[in-house]
Structure formats: structure tokens, C-alpha cells
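Take a look at the structure below.
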Amino acid sequence: MHLSEFGVVLLLFLIGLELKPQRLWILRRPVFGLGGLQVILTSLTFFILFSLLGLEKRQAIVISISISLSSTAFALQVLGEKNELNTTHGRSAFAILLFQDLAIIPIMATLSFLTESSSNPGSHGSIKEILFPIGTIIAVILAGRFLARPLFKLVASSANHEIFTALSLLIVIGVSILMNQVGLSMALGSFLGGVILADSEYRHELESNLEPFKGLFLGLFFLAVGMSINLGEVLKDPILVILLAFILILVKTIILYFIGIITKHSKEVSLNLSTIISQGGEFAFVILGVGVSLSILPKERADLVIAVVTLSMGLTPILGILKDKTSKWILKEDQNIKEDTIEEQNRVIVAGFGRFGQIIARMLFVHKIGFTALEHNPDQVNLARKFGYKIYYGDASKLSLLRSAGAEHADLFILAIQDIDVSVKIAELIKKNFPNLTIIARARNREHVFKLMELGIQIIRRDTFASALELAGETLSQLGFIDSEVEKKVKKFRAHDELTLKGQFQIRGDEKEFIQFSKIQCVN
């Protein structure tokens with residue numbers, strides 16, 4: 001096995017390890033809807049382009065499919081660094097990438113049918129060539145379900161972590177070699193090996209054992225990406241490589257943006273989605289390599305495509321930066337969407353209708369207390385309206401909107417916005433223009449609390465504090481503490497933490513004293 005192939009094999013193993021059937025079932029609609037649409041439209045578009053340019057049909061198919069896929073490693077890394085995995089575009093990108101990971105199985109299984117011999121109706125063994133790989137895949141899946149669990153149970157009973165890890169790697173390598181022997185890719189085998197382990201009850205122990213190797217695996221993969229480039233091909237015509245990489249990114253960006261719009265995502269979400277996965281992907285190396293080995297593609301042409309894909313992958317972080325710099329200009333029309341006309345005034349105004357604000361709104365609704373809900377995310381507004389909530393689209397940091405919402409006559413303003421800067425801006429606006437309006441604020445962390453306290457806001461609740469404290473009480477109960485004792489300890493801890501918070505607020509400007517004070521409070 002070449003080092004470059006080994007890097008891809010290990011990466012696909014990690015992807016398979018994180019792919020649980022339950023997770024796939026939950027995401028089935030976006031995975032097969034968004035993902036299927038993306039792969040089909042992108043492949044078809046490039047196939048038409050290549051055919052018009054006179055490329056041989058089988059070569060056009062292989063290249064079109066290979067560049068329709070995106071880089072799971074690069075895209076998820078960027079989304080993770082920017083904390084965008086749980087955003088709308090982050091979840092949509094993950095769904096598309098997940099479909100691509102699954103699509104590689106039928107893609108790899110059917111590549112061999114594009115060879116000259118397989119296209120001949122009279123060729124011997126054509127049925128066997130079709131059924132044997134499919135039968136092998138089914139056999140591997142069944143073996144993983146009925147043999148892997150007892151085998152892992154036996155090894156786990158020895159309490160030897162090294163043997164446990166060695167067994168998992170043995171399965172990966174063994175399945176990879178088996179796939180190679182029946183004419184499929186070793187990368188496909190490693191992916192199946194990961195899926196087998198993901199379906200085991202020992203998956204979490206396995207993940208903890210392999211965690212130290214993840215960085216090494218990804219390092220090997222990125223090294224493999226660099227080793228896959230034929231520098232001679234790049235240096236032969238660097239302008240052509242750059243131009244083709246630009247065309248690849250541009251075409252995929254347009255297609256992904258179009259898919260986002262027709263699936264009723266906002267323009268902002270569609271733009272974010274289209275830029276994060278518009279590059280080529282690691283599967284291209286596998287597909288193109290198989291295309292060369294089956295004599296479908298000449299090696300020189302495959303080297304050119306690999307160079308283009310690699311360059312597009314390297315441009316992923318730069319694309320993100322450019323998107324951030326230009327999105328305000330591109331989305332100017334979206335930013336000028338006319339805000340809803342507010343036709344009512346209530347005692348309570350709720351700004352922010354996400355997870356936090358919805359719970360408060362539901363409590364008010366149950367007790368028939370009128371409230372005016374404001375939300376600046378059009379997707380969130382549309383979703384809330386589907387469930388019957390009367391919610392207004394608008395920016396609560398605008399004084400005109402607050403006036404039309406009745407802030408001058410309201411009793412309470414619920415500040416349930418997650419973004420710290422926006423939250424503080426709204427609080428400042430209210431304190432300046434509506435000093436008699438009581439603010440009940442949500443805070444993400446202590447820093448957010450301090451900024452709100454500086455504005456004189458008295459009622460502040462942190463996002464996770466109450467739920468974490470409640471869970472801590474449940475933990476004590478499970479450990480044998482009686483209910484009255486648990487209630488007393490939880491109440492005492494809450495009071496102590498609130499007192500600590502006030503003390504930290506007083507000395508927040510002195511970092512050394514702040515740390516020393518916090519240490520003392522932790523042990524008291």
C-alpha cells in the first residue's frame with residue numbers, strides 16, 4: 001500500500017467510525033435530498049461541459065463524478081474552527097458531505113463497468129463481475145453485525161486496550177485488502193470497516209483508544225494530498241491549473257447556491273453553504289486512481305485533475321475569508337428586507353426566538369399573557385410561524401422597531417439573543433431610550449454577564465447554569481444523597497456562585513486579583 005493511499009484509507013476509516021445508522025436516519029431527508037441533488041446536478045453539469053469540449057464519454061463520467069464531491073476533512077475543519085457546525089448551513093453542509101461519503105460505495109462498485117470489456121455484451125463473466133463485489137459488501141456488513149460484537153466482547157474481557165485497538169485496525173486493514181481482492185478500492189474497505197465499528201457497543205471505547213492517532217491520521221492524509229500532485233504537470237502549465245481550479249470552484253458555488261435557494265434556505269445560508277464545500281475532495285484521488293488503473297483515464301489527464309482538485313482544497317480557508325469580507329455587499333438586498341409591521345402592543349416583548357426565547361414564550365402563551373416576539377433570522381421566523389407562533393421579523397437593535405413594538409409602554413423586555421455584541425447593543429439602546437422598561441436578560445457566559453451588569457441590569461440568567469446545577473443535583477441523588485439534602489446543597493451552591501459572580505464583577509479589571517479570588521472561591 002502506497003503512503004498516499006494509506007492516508008486516504010485511514011481518513012475514510014475515521015469517517016466511517018463516526019457514521020452511526022441512527023444518525024443517518026435522523027438526517028435522512030437533508031442527506032438524501034440535499035446530498036443527492038448536489039451530486040447529481042454537479043456531476044451532470046460537468047459531464048455536459050466536458051462532452052461539449054469533446055472529451056471521451058467514459059472519461060467525462062469519471063472526472064465529473066470525482067470533482068462533484070467535496071472535501072470532508074477541509075470543510076469540517078473550517079466549520080469546527082468557526083463554531084458553525086450547528087448552524088443551518090453547517091448542518092446542511094454536513095448532510096451533503098455525509099451523502100457523498102455514502103455515495104462513494106455505489107460509485108466505486110460501478111467504476112469497473114466503464115471499462116471496454118465490461119461494455120461488451122458478449123464478455124464472459126459480466127454478471128459475476130457485477131454480483132461478486134456486491135455480494136462481498138453484503139457479506140462484510142453481515143459479518144460486522146454478527147461476528148464483530150462477539151469478537152470485541154471476547155477481547156474486551158481481557159481488559160487489554162492495546163489488543164482492542166490492534167483488533168480494530170486489523171479489521172480495517174483486512175476488509176480493505178478483501179475489497180481490493182474483489183476489484184474494489186481499499187478506501188471503500190476502510191470505510192466499511194469504520195461503519196462496522198460504529199455499529200458496535202464498544203464504539204466509544206474504541207474512539208477513546210484511537211483519539212491520540214486522529215491527528216496523525218489526518219496529518220498522513222494531508223501529506224498524501226501533497227504527494228498526489230505531479231509537480232511536473234503543474235509546472236508545465238500553471239496558469240491552466242489555476243484557471244481550472246477557479247472554474248471548478250465557481251461552477252460548484254453556483255450550483256450549491258441554487259440548491260440552497262430551491263430548498264428554501266435564505267440567501268445568507270445558501271451563500272455560506274456554497275462557499276464552504278465548493279472545493280474538490282479527497283475521494284477524487286481515489287476515483288481518479290481507479291480510473292487510471294482501469295485504463296479509462298490516461299495518467300497525465302488524471303494528474304492534471306488531481307492538481308486542480310488539490311489547489312481548490314487549499315483555497316478553502318481563503319474562500320471563507322473572502323466570503324466574510326464580501327457577504328455584506330452580496331447580501332445587501334437581503335439586509336434591506338422590509339421588516340414586518342407590528343400591529344399590536346403587549347406588556348412583554350421577547351427579542352430572540354431561538355431555543356431560549358421559545359421556552360419563555362411558551363410559558364407566557366400557556367398562561368395567556370400577551371407578548372410581542374421579535375426575531376432577525378428569516379429562517380427562524382418562518383420555522384416558528386409553521387408551528388403557529390405569531391412572530392415579527394425585525395432587528396431589535398433598531399430604535400424604530402422597538403418603538404413600534406411598544407417599548408415605551410411595555411412592562412418587561414426579555415433579551416434572549418445569543419450574540420453577545422448584539423445583546424449588549426440592544427440593552428444599551430433600551431437603557432438610554434426606555435429607562436423605565438425592566439430588562440430580563442439571557443447571558444452566554446460570565447463575560448456577557450459582566451457587560452450586562454455594567455448597564456445596571458439586575459435580572460440575568462446564564463444559558464447552561466440552571467440546567468447544569470439541576471443535573472448536578474440529580475448526580476448527588478444517584479449517589480445516595482436524600483432529596484432534602486440535595487435541595488439544600490444545590491441551593492447553597494447557587495447562592496455561593498451568585499455571590500462569587502458579584503465579587504468577580506467588582507475586580508474584573510485586575511486579572512491577577514480576579515484569578516486569585518476565583519481560586520479561593522472554588523475551594524470554599
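All residue numbers here begin at 1 and follow the chain in the order shown.
Heads up, the Cβ atoms here are built off N, Cα and C, so glycines get one too.
Automatic prediction, not curation, is the source of TrEMBL annotations.
Database features (TrEMBL):
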- 345-461: domain 'RCK N-terminal' (DOMAIN)
- 31-53: transmembrane segment (TRANSMEM)
- 60-80: transmembrane segment (TRANSMEM)
- 92-114: transmembrane segment (TRANSMEM)
- 130-148: transmembrane segment (TRANSMEM)
- 168-192: transmembrane segment (TRANSMEM)
- 213-232: transmembrane segment (TRANSMEM)
- 238-259: transmembrane segment (TRANSMEM)
- 280-298: transmembrane segment (TRANSMEM)
- 304-322: transmembrane segment (TRANSMEM)
Seg_contact(the transmembrane segment (60-80), the transmembrane segment (168-192)) with at least 3 CB pairs under 8 angstroms, min sep 6: no
For the domain 'RCK N-terminal' (345-461), residues assigned helix / strand / coil by DSSP: 50 helix, 25 strand, 42 coil
Beyond the flanks of the transmembrane segment (31-53) by 6 or more, those residues with Cβ under 8 Å of it: 24, 59-61, 63-65, 67-69, 92, 95-100, 102-103, 251-252, 255-256, 258-259, 263
Ranked first among 92-114, 238-259, 280-298, 304-322 for CB pairs under 8 angstroms with the transmembrane segment (168-192): 92-114
Dominant neighbour of the transmembrane segment (304-322) in 92-114, 238-259, 280-298, by Cβ pairs under 8 Å: 238-259
Average pLDDT across the domain 'RCK N-terminal' (345-461), rounded to a whole number: 90
